[in-house]
Structure formats: structure tokens, C-alpha cells
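Undergrad: Quick one: this structure, given as C-alpha cells, is what I'll be asking you about.
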Amino acid sequence: MSDIAIIVSLLSLVAVLGLWIGHIKIKGVGLGIGGVLFGGIIISHCTHLYGIELDAHTLHFIQEFGLILFVYSIGIQVGPGFFASLRQSGLKLNGFAVMIVGLSGILVALIHKLFDVPLPVILGIFSGAVTNTPSLGAGQQVLTELGGDNITAVMGMSYAIAYPFGIIGILLSMWLIRIIFKVNIDKEAQEFDNNQNQQKEGLDTLNVRLTNPNLGGLKLKEIPDFESHTVIYSRLKRNDQLIVPNVDTVLNVGDVLHLVGEKATLHKMQLILGEEADVSVSTRGTIFRSERAVVTNENVFGKKIRHLMLKGKYEVVISRLNRAGVELIPNGEMALQFGDVLNLVGRQEDIETVRAIIGDAHQKLQQVQMLPIFVGIGLGVLLGSLPLYIPGFPVALKLGLAGGPLVVALILARIGSIGKLYWFMPPSANLALREIGIVLFLSVVGLKAGANFLDTLLSPEGLAWMGYGAIITFIPLIVTGFVARIYGKMNYLSLCGLLSGAMTDPPALAFANEIKDGHGAAALSYATVYPLVMFLRIILPQLLAILLWTAS
């Protein structure tokens, strides 16, 4: 067999063995994708015994390309919600998540200095202790540029030694917080639900009868504060006739308007217009329909809603717009993106015409456009290679192959589309790309680390590494957990999701979800902190590597 054939065969064997190990669960907890690392270590131990040598350059390429695929697909997945998570309700959760990341970084620096732990070892322990594989890749890259030798093998070993307690430590932290604070799970779930209902700001509807005599005879656009209030006037009922109004529709006293918007804004408009009306303005039994359509026509990507002139040409109103799972109030200045779901109100024939304009080709939502993927990866690699020179640093700071594609993917996913290129990826395709990338990366890391892993693990040095990893895992979680619970008054279920998200650990999230079956509190906080934490976990080891290298 050729060298390439041998490497591909061994990688396949590592993936099969590692994924099987990852599926083994003890009381519902397993290694997950981390099992691939241990599969690589086992196969590497065997190849070392039989004297099989693998081409280092080929392995290095596979490792780096796998990392690029993984972080890029992560960025595309979380990009639409990344910037939103930094606002309002997400600030508190992200603040505590940053606290966990920051404390772990401080502990790394202290352990490195106090116990004279080699930099590659402590960075590998750090990545394993926080169960974050991209941070391992980021640390390996920057240390290689700094001139370190045998980086991959040493960091891979220390990562693997610290990884198991990285998972166990999160679960232990959740359990201790629950015991110490005597948490009542049912009560916590009820309090969370009550709080969510009070804070919920989704779109609401309201029927208002025009009783203000000063507005009779005015056009819709002449209503006081018409432009300043983000309200959609989707239907108007006059006597028994239902019409779709536009800005030039003349209002009569007694008209019933169907409004869509946020509850507080609807209340303000009711005070201006008149009184709430208990009248049905349903399209049933009329010539009008209310239907959903998805934007898939590349000719309308980036076009503002007002440029389509749907009201003027077709008497169709967009009453709601759903983008990446978030309901938005459409306005004329809003640009359409691929995958936007529009709620259309109008005559059936007009709606069909609008469908043809915006596309509404659901099969396109399942198709993967390959060109934008490679455009994004290429731009990410270029960004990651750009040097940022800081006085006093021995090397230029770079985002690297882990940070560059991540940042570009976050930005492109937020933008959505440029011309005919769109960065929407079906969830199944994104998951497949992400899993392939991480399996390739971990397989190679395991193959490089496995030769001396067992000897290191059983040595006093290996036991010390496990201890350092336990400290880096446990102390930030338990300290932040106590602070969030005592001073932040955080709900326990949300706290469990926060701890899981701060360690970017899906097995821990699965455990947190099982604390209260069918409850979404943990998953919600996990999703809120995950994007920012993933970014910080990739940047932090690079900063630590440069700062500690400079200080030594």
C-alpha cells in the first residue's frame, strides 16, 4: 500500500474506534466526540509497537484542514445569534461566562510559574481541562511559530490526560452547587417559566377600532408618529369588508385595524387610534389569505422591502419576518436575506405572484452552495495569517487557522448574503462538515500523542498533569457558580447551561437537560454564551502562549 492509502486506512480505523468509544456512556455521560482522541492514541500505540511510520507532512495537513472545517462551520452556525447574544438579556450570562474563561487563564499562568510546567504542557492541559479542541489547535499553531519543538505530541498527551476530568468536573460542579444551595428543581423550573413569560417580547397582535374623530379622513401615513412606531397594519375591516391597507388608504371612524408588533408599542397605538375591538379580522371566508413564503431567489438578496413595492403593485403586506428563528417587525429599510420566512397577507393570486418574485423554493434550503464555503475558508485563512505587531512581543499576534476562519464565518453568517452568494448552510450539512473536521483533527492529534501516552500517564509527571487539569476545570466553575447563585440570583437550570456553555461541552449540556426533562432553560443559556466563549477559547491560548513565552 502507498503511504497515503495507509494513512487514510488508519484514520478510518481511528474514527470508527474513537466514535465507538465516545458512544459508551456511564450513567448517561460519555466522552462523545472526544473518544476519537483516545481512539487515535490506541492506534498510535499499536503502530509504534510495530514500527509503522506515518508521513508527518500529510498528517499535519489533515490536522490543520480538519480544524479549519470545524471552526468555520461553528462560526456559520452561531453567527446569526452571536452579536444578538451580546445584548440585553445575554449580557449577564456572557459576563459570568467571561469570568470562567478569565479565571482559567489566570490559573494557567499561575501553575506555569509556580510549578515550572513547560508551556506546551500547560496549554495542552488547559485545552483538555476546558474540553475545547479548537483551543488546542490554536495553541499548537502559535507555539510552532514561536519556535517550539515536538509541540503536537506533547500538547496532545497533556490534553488527553486532562480531558476526562474536564467532563467530570463540570458535572461535579453542578452537583455540588445543587447540594450546597439545597436546590428544588421543580421550583427553579417554575420560577424560570414565570420570569420568561414576564420578559417575553415576541410579536403580538391587536385589533383596534378607530374612534378618534381627529383621524377620520386621514391617510394611514398621516397618523401621528406613524413612522416612529414599528407596527404593521396588516388588515383593515370596514363594515363587513376586509381590505389590505397601504400608506395611502383613507381611514374612517369605525374602521377596525389589525396591528402586528411588540405589546408595548401596540398599546401606544391603541391610545392614539381608539379602543380595542373584539372583532374577528380573520381572512377565512374572504378573498384574502395569510400564508408563509421563504426567500430563495438570488435576485432579491440584499434588496430592501420597499424596493419590491409589494403594497403598491400587488396589495400584499408582509406582516412578519422570521430570520434564523427570530421574529422581526418588517419595515421598508430591511434588506432580505436567503432563508427569511415572510408572512404574506393579500389576495391568493397576488400572494402567488409575490411567491414567484421571492422564490419560495423550499428544496433550496436543503442544498449546499459550495462556492461561498470556500470563499469563506479562503478569507478566513488570509485573515488568520495577517500579522499584528505589538511592541515587546517576540512574534506577531495572529488569529491563526483556528481564529481567522471563525471570525470570518461569524461576520459572513451575520451579513447573510453578498450579491448572489449566501452563507446559509442547512443544519444537517453544517453538522456533517463540523463532525468531519473535528474527527480528522482529533484523529491526527491522537496518532501523534499515542506513542508515549501510557508511560506518561502512569508516571508521577502524568499524575501531576491530571491534578493541574482538575484545578483549571473545577475552580473557575465552582467560584463562578457560587457568585452567580449568591450575587447574580441566577436560576439553577440556567446556571447549569451556563457552566456547560462556558466549557463548550455538549455531554455536560445533555446532563443538564436531564436534570429537568423537557425544560429548555439549560439549552437556552448554553446557546447564549456558546458563541462568545468559543471565540475566547480560541484567542486565549494564543495570548497566553505569547505572554508566557515573552515572560520566560
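Quick reminder: no glycine exception, Cβ is built from N, Cα and C everywhere.
Swiss-Prot feature annotations, pasted as is:
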DOMAIN    190-275  domain 'RCK C-terminal 1'
DOMAIN    277-360  domain 'RCK C-terminal 2'
TRANSMEM  4-24  transmembrane segment
TRANSMEM  29-49  transmembrane segment
TRANSMEM  65-85  transmembrane segment
TRANSMEM  95-115  transmembrane segment
TRANSMEM  161-181  transmembrane segment
TRANSMEM  370-390  transmembrane segment
TRANSMEM  402-424  transmembrane segment
TRANSMEM  438-458  transmembrane segment
TRANSMEM  463-483  transmembrane segment
TRANSMEM  492-512  transmembrane segment
TRANSMEM  529-549  transmembrane segment
Undergrad: Among 65-85, 161-181, 438-458, 492-512, point out the range having the most Cβ pairs under 8 angstroms from the transmembrane segment (402-424).
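TA: Looking only at 65-85, 161-181, 438-458, 492-512, the most contacts with the transmembrane segment (402-424) come from 65-85.
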Undergrad: Please work out which recorded stretch in 4-24, 65-85, 370-390 has the most C-beta pairs separated by under 8 angstroms from the transmembrane segment (529-549)?
TA: 65-85
Undergrad: On average, what pLDDT score does this prediction assign to the domain 'RCK C-terminal 2' (277-360)?
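TA: Averaging the confidence scores along the domain 'RCK C-terminal 2' (277-360) gives 81.
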Undergrad: Taking the transmembrane segment (95-115) as the reference, which of 4-24, 29-49, 65-85, 463-483, 492-512 gives the largest number of Cβ pairs under 8 angstroms?
TA: 463-483
Undergrad: Which listed range (65-85, 161-181, 492-512) shows the maximal number of Cβ pairs under 8 Å with respect to the transmembrane segment (438-458)?
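TA: That would be 65-85.
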Undergrad: Residue counts in helix (H, G, I), strand (E, B) and coil for the domain 'RCK C-terminal 1' (190-275), per DSSP?
TA: 27 helix, 27 strand, 32 coil
Undergrad: Near the transmembrane segment (463-483), which residues from the same chain, at least 6 beyond its ends, have a CB less than 8 A from one of its CBs?
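TA: Residues 96, 99-101, 103-104, 107-108, 111, 115, 117, 121-122, 125-126, 128-130, 158, 161-163, 165-166, 169-170, 172-173, 176-177, 456, 495, 499, 502-503 contact the transmembrane segment (463-483) from elsewhere in the chain.
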Undergrad: In the same chain, which residue numbers or ranges, 6 or more beyond the ends of the transmembrane segment (492-512), come under 8 angstroms Cβ to Cβ?
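TA: Residues packing against the transmembrane segment (492-512) from afar: 28-33, 93, 96-97, 100-101, 130-132, 166-167, 170-171, 173-174, 177-178, 181, 183, 185, 188-189, 192, 473, 477, 480-481, 484-485, 519, 521-530, 533-534, 537.
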